[in-house]
Amino acid sequence: TGRFLRTGRTWARCYNCRVRSTRREHVEGQRCTGCKPGFFNMDENNEFGCTPCFCYGHSSVCRSAPAYSKVLVESMFARNNERWTGVDQQHNEIPLEYNGITQSIGVSAPGREPIYFVAPDRFLMDQRASYNQDLEFRLRIGESGPAPTVEDVVLEGAGLTITQTIFGQGNRMPAVVDQSYKFRLHEDPDYGWQPRLSARDFMSVLANLTAIKIRGTYTPQGVGFLDDVKLHTARRGAAGAPASWIEMCTCPTGYVGQFCESCAPGSRHDPPHGGPFAPCVPCNCNGHADICDAETGRCICQHNTAGDNCERCARGYYGNSLLGTQEDCKECPCPNQGACIQLEDENNTIICLECPKGYSGPQCDLCSDGYFGDPKGRHGPPSECRPCDCNLNVDMNAVGNCDRTTGECLKCIYNTGGPQCDQCLPGYYGDALALQKGDCKPCQCYLPGTEMTGSGPPVCDQLSGQCQCKPHVTGTNCDQCQAGYFNIISGQGCQSCNCDPVGSLNQSCDTVTGQCNCRSNVTGLHCDICEPYYYGFSTDGCKACDCDSIGSLQLQCDAYGQCPCLDNVEGRRCDRCKENKYDRQLACVDCPACYNLVQDSVNRHRDNLGHLNTVLKQIKDNPTVIDDLDFEQKLRLVLAYVEDLWRDARDATGLNKDKSLMEELEAVKKRLDDVDSLIKQSDNWITQADAETKEAAINATQAEHTIEQARDVLQDALDYLQADGAVALKKAVERSKVFGQQNQQMSEIAREARNLAEQQEEHAKEIHKIAENAVNLSTQAYDIAKDAINRQKNISDEIRSLNSDMQMTNEKLDLTIEVVSDTANHVDTVYNDTWAIYSDVYELMLPETNAQDLKDKAIATASEARQIRDEANNLYQNHIALLEEISELMIDGEDVLRRGMTQQQFADERLADADAANNKAEEAVQLGNKTLQEAQQTYRTLQEFDSQVQQSKGKAQEALAKIPEIEEAISEAIRKTTNAQEALVGAGGYAQTAKQQLDFAENTAQEAERIKETAEQSKAEANKLRDEAEALAGRVAVTAAEVA
């Protein structure tokens, strides 16, 4: 019957080797003891029997190489991440975390895209020794429900990419616990590497391995942990078990190396740099070299040749190197061993290609353009070629800038000239030798002020640019008049300003008009007269006449300031009536006849004073000692008269009434002190009311913050249910079909939705408490405002303007109420949407159902729902008066009902699908009961909330009922303030404070109105939620009817 030979894990019958033993297709021989041609290393641990020869495709004859041992390239992550990194599918680097406790590394997916662990360099490069060996690692993920792909394990190299699914080769699906994975690196289809490669291509990937990627995350925003990575391989000279799968190739001619990876001397890879896979061909050096570089094919040339293939003569030699003799290339007859070329003409002319700088010609015997000299001495003694010196004032790109023999510059630019372009041209000035070229600029002489020296343009100094100026003209360009001169445009020089030294500020004038700079109220071209209605021309300017418009004939005075007066009017300004005249408005009419006595007395005194002045003048002129008794007697009479005159003046001014006037002033001061004390009390009341207002504003801010938090929570729930919830449901259904796994995420989503609903209930309670606090604070503020109004009875004279201010405040309050109402409506809408999404998710759970049980439970649910509806109707009857006030909001209820009908239609479709899930009825009944209980709890909560809203409304109405009292107090304040205005004309400034107090009172009343509006909105929200409960009951009833 034949013999049996154990060659691996199985026993095979070998009497007929054409009958393939299990997976040992690479063996042959009568006893199946030899490897087929192109294979080596018969190994019982190799399920394929023998290993194919790789040899980079250059040989099919090989054997096991000696001195190789088995080793592991591994990462145990004992101290750090060992240079592992993380990337996404777009090769963007993702942060990698190292856990020193578990000694593992982890990645987290920021989105839905999977994240890979990438191996460091020591796992890469030449890993041919890992062929038909294993890649092992341990993997754990952070969540259940992984979604594998065909690109979970990725190898890249040699321009190829091969991939593997994570559960390939009998491995398990990733889980939340550590699991070991092992992948065989072999091209056999049973190992599942994609795409399928030949053995040579597979080993080519390993020969130049550029990346090993292990997928770490398998769910959206998932996490993954990697540990204990091992790559089985071999290494020469290492201690350990022998590695017999490493080959030693027998190379053909032209190849050397253990794997035939190199070319022998005299050979090269074709194409150059083709790598070890490229074939080796003989070197091509045209007979001028024996060896070449194996990678580039570049020959090591001899015989004065050069080039990769010695195909040309080296620099400084000429000839034909392709002839293959040692004398092919000869030395060039050029300076400094420069390169040359031999022309194919009748004379075989040799042309030098690398003449020294400044030289040209076939034999480098001429000066180049831009240089001058005489190398051959054709015009005198020989001289070397030197650069022409034109001071860079030529176009360096032009040809023929200078004479090649003398060096004279021929093409100067930048307005320069001279043998070396070192001067500016006539009519230009500047520095022709400046580093910044173009400094020679045209002379900028101003023609009317410049002396012309010829028929051409004016000439200026070549260095400074100074033009030759006409009389009294100055400036570099002769474009300005000297100080005190003007009219340069005349062309005859400048004229003197002739400014008046008294009326002018200085001797300068306008350069065009000649107008001098006049002093105050002085005018004229030369500042020599006063302006109209002014007089007193001097170095201080002129003074205003200031004639009185009533007593003057005209407003213009004379040179001494005397205004022309009307009859019976006198004074420099004509601002007083003459003696015994009065009332300038009536043209200074005569005083009453009784005043004639005073006038007569004044005239007598004036005559006496005149006489006395004459006497004194005579005494001064003729000082004579006179003993005259009559004079002394008359002097005493004059003194007595002066004393009487002083007494009359004092009586006329009322100086004898000092006591009564001081008393009046003291009384006024006392009244002002009383007003000041009352104002201070008002300030204290204002401060106290302001503090209460700020506390109320803080509570209002807290209420807004709570509402904002509720809205954020609801929005987060909505986003979660719309995005992650729907995606999780879809994936769960798909995975259930593919892998038969149970879907648990829908229950979690439903529980989360219920939790969010409970959180919304708690937020509603908090908002209610804040509303109560706001009512209390408003009541306190009202009391303080009322007290302030009762105490300010003696202040304020501008109450009339309060009506307009109150109207503006009401407009702002209406805007604020509108914003708050929109916010509340938005919160309500978010809550309703969340409730609808929760219902949809609950109905999408695809429970196991039993039709009969579901029908019974639905009937019971419908009965309880009808009970809820009856209770809601009773609540409606109890509050019908209030509901009539908000009947317009029923339109929103109709929208909710239509949305409910849409959801009911969706539920009918889901119930039709539920007929196929008869084994889960009990779970559906339990969930239905729980949902009904939650609906009842929600309804009871709404009832309590409605009661609280009614209480808040009552308090708000009480606050509103006090508004007439506030208005009456305001009217009383108006009356009292009017009386105070008549008594204290000077206290008008304090009335503004009273106005601010009244503004505060009005604001308090408006705040109460706002609280009322808020309470009504809260009640509207409660009614809307009651409608939702009725809609829910209707949907349950329809469901029961559909099941029946």
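The backbone N, Cα and C atoms fix where each Cβ goes, and this holds for glycine too.
Of the listed cysteines CYS412, CYS440, TrEMBL assigns the disulfide bond with CYS421 to CYS412.
Of the listed cysteines CYS469, CYS494, TrEMBL assigns the disulfide bond with CYS478 to CYS469. For CYS557, the cysteine that TrEMBL lists as its disulphide partner among CYS542, CYS545 is CYS545. Looking at CYS518, CYS542, the record from TrEMBL puts CYS527 in a disulfide bond with CYS518. In TrEMBL, CYS516 is paired through a disulphide bond with CYS499, chosen from CYS494, CYS499. Between CYS509 and the candidates CYS494, CYS497, TrEMBL annotates a single disulfide bond, the one to CYS497. For CYS310, the disulfide partner named by TrEMBL among CYS301, CYS313 is CYS301. The disulfide-bonded residues CYS301, CYS310, CYS499, CYS527, CYS574 differ in how many other CB atoms lie within 10 Å of their CB, and the one with the most is CYS310. Closest by Cα distance to CYS545 (disulfide bond), from the disulfide-bonded residues CYS412, CYS421, CYS499, CYS509, is CYS499. Residues in the domain 'Laminin EGF-like' (443-496) partition by DSSP class (helix H, G, I; strand E, B; coil) as 6 helix, 10 strand, 38 coil. When DSSP labels each residue, the domain 'Laminin EGF-like' (283-331) comes out as 3 helix, 12 strand, 34 coil, counted as helix, strand and coil in that order. In this structure, the C-alpha atom of CYS301 (disulfide bond) lies 118 angstrom from that of CYS557 (disulfide bond). In sequence order, CYS516 are the disulfide-bonded residues from CYS310, CYS412, CYS516, CYS557 with a C-alpha within 10 Å of the C-alpha of CYS497 (disulfide bond). Spatial neighbours are here defined as Cα atoms within 10 angstroms of one another, and by that definition the neighbours of CYS499 (disulfide bond) among the disulfide-bonded residues CYS412, CYS478, CYS509, CYS518, CYS574 are CYS509, CYS518.
Cβ neighbours of CYS516 (disulfide bond) (same chain, under 8 Å, six or more residues apart in sequence): CYS497, CYS499, ASP500, GLY503, SER504, GLN507, SER508, CYS509, LEU525, HIS526, CYS527. CYS421 (disulfide bond) sits 29 Å from CYS478 (disulfide bond), taking the C-alpha atoms as the reference points.
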